[in-house]
Amino acid sequence: METELMRIGVSLPDTLLSKFDEIIEKRGYSSRSEGIRDAIRSYISYYEWMGDIKGHRVGTVAVIYDHTKRGLSNALADIQHHYSHLIKSSVHIHLDHDNCFEVIVLDGDGEEIKELAEAIMALKGVKFSKLTTVASNEKI
């Protein structure tokens, strides 16, 4: 059960807010606040799932970032070199003049994979990142 509501302020780019407003309208939320609460719950759930990544895993990190952000491309390369023992392959796609999409295929210890993903997520200029893994011994 949730406790009393707290009022907060958030600064967002116009384009992000416009897209969010479209989604909350399509989903039938009664207000932006309800949409934001739902988004935060989803983020918390994903973060808790990430905390449970243990054992041998295979997976991907998908990243969209602004390559014009000073030092970002080098920081991404440094992280990938640091965790090169986990990386099996990567694909780099130029989305437009400023934005790149990268998919990194991983195989190794779940804790280290999580560390790599969190290091990328923390970089300024990363617009989107998503870690997806599966235990390598799961039967499909």
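Backbone N, Cα and C atoms are what each Cβ position is placed from, and that goes for glycine too.
The Ni(2+) binding site annotation in Swiss-Prot covers His81, His92, His94, Cys100. His94 (Ni(2+) binding site) has a Cβ environment of 10 other Cβ atoms inside 10 Å.
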Key: In the chain carrying His92 (Ni(2+) binding site), residues 6 or more apart in sequence that have Cβ under 8 angstroms from it   = Cys100, Phe101, Glu102
Ask   = Three states by DSSP: which one describes Cys100 (Ni(2+) binding site)?
value = strand
